[in-house]
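For 1-30, the entry in Swiss-Prot reads region 'Disordered'. Summarising the annotation, Swiss-Prot assigns compositional bias 'Low complexity' to 14-25. Annotated domain 'ABC transporter 1' per Swiss-Prot: 33-269, in sequence order. Among the features that Swiss-Prot reports, ATP binding site is placed at 65, 66, 67, 68, 69, 70, 71, 72, with the record citing sequence analysis. Among the features that Swiss-Prot reports, domain 'ABC transporter 2' is placed at 279-523, with the record citing sequence analysis.
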């Protein structure tokens with residue numbers, strides 16, 4: 001019965017069988033979870049090589065590493081999705097092996113995936129208790145009891161949602177909370193959170209962290225996977241680092257700083273994360289005057305020079321992405337003027353924008369960028385395919401040569417151009433999408449969250465490419481939610497708040513405090 005899962009903790013769980021004896025009742029193991037000498041290989045790849053990890057009760061362990069470091073593989077082993085080739089897992093001091101994700105859940109290990117696994121046309125209560133529904137005396141689902149238990153669970157977590165709300169009507173952050181509630185409903189002692197803040201606002205992050213603090217106080221062990229170093233130092237007690245399938249080390253978060261963490265992750269010092277550009281910007285290439293999209297943003301005005309990087313900062317919902325989509329013709333403006341290279345232009349659709357020399361790398365590469373079932377080459381050639389086709393034939397040899405050249409220039413790591421792009425790391429996917437647009441020879445490059453969900457080493461590569469393109473005379477608009485990124489890369493920073501342009505700061509005067517002040521709706525005096 002699921003009712004007891006929320007009100008009173010159940011009796012000691014029956015763990016999957018193990019050949020080893022359990023610890024004595026009086027012995028309290030110091031760790032909730034211990035990983036020892038785990039190895040895992042796939043055809044042609046050693047994903048994990050003799051790694052270790054341990055999670056203390058009542059603590060948050062941040063798991064850091066570049067994409068491909070082995071973090072996800074280890075978490076899938078812990079959650080029962082993969083089986084290790086060798087090594088041992090101990091839960092509460094007892095050796096254990098999970099054959100299925102269900103056996104891991106029943107033992108007290110829950111994983112909240114980055115790609116949320118909820119049913120959009122079912123209610124919150126139905127999603128939380130799916131497969132564990134309470135039945136009444138007629139052996140029918142007892143919706144009243146399910147509602148009661150869900151209400152109690154949400155109140156305990158301070159999540160203000162109606163159990164009867166359809167999940168499909170919730171925001172991403174609210175769905176994240178439902179996933180956490182579902183994990184807690186199993187009385188899980190170990191919770192694995194994979195990039196939980198990748199698509200939520202700062203206010204929602206604060207709420208998430210308060211819930212994590214509550215879970216920590218209840219003695220839960222939390223494994224927190226993230227690429228955001230500021231979150232590590234805010235929420236984590238300890239930090240474990242993986243690199244190239246190997247365990248590098250574990251340290252107290254308070255004993256580390258950003259530089260030492262980066263060095264552990266990439267195996268070298270990134271002395272200059274944001275490259276310097278000596279060449280000054282050229283003449284004005286793009287001039288935007290009083291651009292408006294009814295109900296979304298109004299009176300946006302700015303100039304952009306060739307070779308200049310203009311950062312756009314603001315909180316989620318401020319209108320940053322909408323401005324980019326309007327410039328690219330996805331949502332044509334209702335009023336205002338756009339001049340490109342001295343000529344007034346009316347951009348009605350993306351095809352016209354591309355012909356003018358505009359390129360847009362969208363905010364969500366999985367939703368609006370990638371064709372996940374197609375190859376690297378098929379994804380890269382998408383924007384120029386029409387230029388290499390005629391009379392029913394495609395110039396495959398010329399396209400392949402172009403794609404190979406772009407892969408070399410942008411350092412896209414892939415076994416072959418025929419490789420399914422969905423198998424590449426986030427950083428290499430992003431570079432492949434950037435290559436798609438560079439093949440069109442754009443003069444204006446609009447980047448919306450160009451480093452979202454990629455590791456620090458791949459970020460350095462993206463920054464290098466953006467800086468190189470600007471040095472070659474390309475005008476760049478870069479939208480980002482990461483203030484250090486905006487401040488480190490931009491020549492000027494435009495700040496938006498609820499559809500209004502609050503101001504533009506030169507590089508020398510732009511600080512995190514000033515940008516946040518403007519982004520919150522306050523003018524800088």
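Cβ coordinates are placed from backbone N, Cα and C, and glycine is handled just like the others.
Here the features listed in Swiss-Prot are painted onto the structure.
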| residue | record | Cβ within 10 Å |
| --- | --- | --- |
| 65 | ATP binding site | 27 |
| 66 | ATP binding site | 24 |
| 68 | ATP binding site | 23 |
| 69 | ATP binding site | 26 |
| 70 | ATP binding site | 24 |
| 71 | ATP binding site | 22 |
| 72 | ATP binding site | 20 |
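For the domain 'ABC transporter 1' (33-269), the model's pLDDT averages out at 89.
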